[in-house]
């Protein structure tokens, strides 16, 4: 037995092992295949795959202008010519780097500790763009202020918390047909691969095109225009070929089942990209490259939040405020729900009988609390990250994985220059690999019945093409209702005589009720309270019964005593 095996066995037999249900812990329900050393590696893998959000989220939210302001009549609508405003934006960017790391750290630790799931949380990439460019507007040119938008995010978290406590959010998730849940995972896989192929968070193999939307790219950054379209030198970019090499390297290591293959591949490509005088450097000799390299050279630094902490403006009278709040609600609930269920399916946690997964109630509660905490730090809504699939692919099965990811984000608070400098072509190959792994569940979709198959297919294609998990789910659910409602109405009106030839092959839409029973759909805390109340009533009844028996016994004893005296 190697020292790693001894370590895994020793940890499994501790209180920690039993809490997280490691294999060999003796817990009532163990997580098959879960080992402490593997959980550590999986947690680091998720962090490395998510490291790009540290700088990306900060840049996007800084574009909103935050709490910075200037005389717009003098310096223009965006204030870009005001030196004081520009200086304020630099502080805002550092504030957001600290906030991103702190929020992700707390959210991941809570998710791992309470829900025991390897699903990482952090400020969402799509929602932060909506927050910065649509709600607040570029440099504050939107219809509501940054502080007012943060109030909307805070209220969203509170609403989510109430919905999660009452079990409404879980019920909504279970109402999604099984085929659509499976299709969501497949669509997210394609979505991940699509992101990994682009230049913003991938290897740059696919770029924009004015005529066909997308095309084969791979050109060096200097040959792209402002819309990221390759003007020339297609497939001549060094970073793209380095990313392709990383993809082949990770694929080859996975072929031989080398442990830590994804993490090793990311690190190798990143390290190759750090030296400056190369064609694949992440720090070219440009203004942006020089600024990034200056930040990278700091290695260790910590910046306390100065301008964005608890900056709320509670004005709910604006119609734009409510539009933003409702949009945050429906996009986030579909996005987060779809991601969580897909990761649960990918990790093997789904209960086909109840159409739910272990720890769902606590997972949703943690998500809602994290949204509210994130707003206090000045960030856009927090959500579950599809990059969690990279850790699950590495073997992560318990909350230890997510706690390790959270600890890495805490370390990143002090080593942000290093972790914010992983180039997108280093993490892109990992996203493509994970996307391929998530495709395996597509065979579980009910392709025999068109009422299940067509909505599932629409969900799969709309997630990457609509560039949103939420919009993909809306498309799938809408098409499912439109197609199957007509069939159901005709079936009922004809008393079962008019129906599709293979109507009996359809999925049971409400299987979570018909198979699981009503008890399986009640939140855990309600069951606990009901159980306590039931025990309390039983105890009261037992005490009452004992009292009656005692009275009867006393009467019988007195009667016996009287009779004995008479004799």
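Just so it is clear, glycine is given a Cβ too, placed from its N, Cα and C backbone atoms.
Feature annotation from TrEMBL assigns transmembrane segment to 97-121 (among others). Beyond the transmembrane segment (97-121), the same-chain residues lying 6 or more positions past its ends with a Cβ under 8 Å from any Cβ of the stretch are 19-21, 39, 42-43, 46-47, 50, 53-55, 57-58, 302-305, 308, 339-340, 343-344, 347, 349, 357-360, 362-363, 365-367, 369-370, 373-374, 377-379, 382-385, 387-388, 391-392, 396-407, 409-410, 412-413, 416, 420.
Long-range neighbours of the transmembrane segment (149-168) within the same chain, counting only residues 6 or more positions beyond its ends whose Cβ lies under 8 Å from a Cβ of the stretch, are 64, 131, 135-136, 311-316, 321, 324-325, 328-329, 332-333, 361, 364-365, 367-376, 378-381, 521-523, 525-526. Look at TrEMBL and you will find 149-168 (among others) tagged as transmembrane segment.
Sequence-distant contacts of the transmembrane segment (188-208) (same chain, six or more residues past either end, CB-CB distance under 8 Å): 52, 56, 214-219, 221, 224, 227-230, 237, 239-240, 242-244, 246-247, 338-339, 342, 386-387, 389, 424-425, 427-432, 434-439, 460, 463-464, 467, 469. Summarising the annotation, TrEMBL assigns transmembrane segment to 188-208 (among others).
Long-range contacts of the transmembrane segment (241-274) within its own chain (CB-CB distance under 8 A, at least 6 residues past either end) are made by residues 38, 41, 44-45, 48-49, 202-205, 218, 280-283, 296, 390, 393-394, 421-423, 425-430, 432-434. According to TrEMBL, the feature transmembrane segment maps to 241-274 (among others).
What TrEMBL lists as transmembrane segment is 321-342 (among others).
Residues 46, 50, 53, 57, 61, 66, 95-96, 99-100, 102-103, 106-107, 110-111, 114-115, 117, 119-124, 127-128, 130-132, 150-151, 153-154, 156-158, 160-161, 163-165, 169-170, 188, 191-192, 305, 307-312, 328, 332, 335-336, 339-340, 342-343, 469 of the same chain lie 6+ residues outside the transmembrane segment (362-386) yet bring a C-beta within less than 8 angstroms of a C-beta in it. The feature transmembrane segment is assigned by TrEMBL to 362-386 (among others).
For 398-419 (among others), the entry in TrEMBL reads transmembrane segment. Within the chain carrying the transmembrane segment (398-419), a Cβ under 8 angstroms from the stretch's Cβ atoms is held by residues 20-22, 31, 34, 36, 39-40, 42-44, 46-47, 50-51, 54, 97-98, 101-102, 104-109, 111-120, 122, 295-303, 388, 391, all 6 or more beyond its ends.
Sequence annotations record features per position, and here TrEMBL assigns transmembrane segment to 449-467 (among others).
Annotation source TrEMBL lists transmembrane segment at 473-491 (among others). With a threshold of 8 Å between CB atoms, the same-chain residues lying at least 6 positions outside the transmembrane segment (473-491) that come near it are 176-177, 180, 183-184, 334, 337-338, 450-452, 454-456, 458-459, 462-463, 466, 498-500, 503, 506, 509.
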